[in-house]
Amino acid sequence: MEMKNMGNMMKQMQKMQKQMMKAQEELKEKTVEATVGGGMVTVIASGDKRILEVNISEDVVDPDDVEMLQDLIIAATNEALKKVDELVEQDLGKFTKGLNMPGMF
């Protein structure tokens, strides 16, 4: 490979890296929402996998059935994190297509 081609390739990689870093920063500002149990529990998460809110309907708060509430919170949280993964793939997938880097995103 010629030095000129190698230099161009390095410039392209640096440009792509900057674009990817910008996209990662933008992900922090995006949110996803997951609702389970017919609206009983809603979890809102950021694009960098931080749980921002957990909203629980008063109807589901039953001191005699705490386990159901726990299950709904877990289900909503897992669904929100799944949606974040989909958002990350949508926003950053264009940078990793064709690269074989398992577990990177």
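From the backbone N, Cα and C atoms, a Cβ is placed for every residue, glycine too.
Checking Swiss-Prot for region 'Disordered' across the ranges 1-26, 79-104 points to 1-26.
With helix defined as DSSP H, G or I and strand as E or B, the region 'Disordered' (1-26) counts 24 helix, 0 strand, 2 coil.
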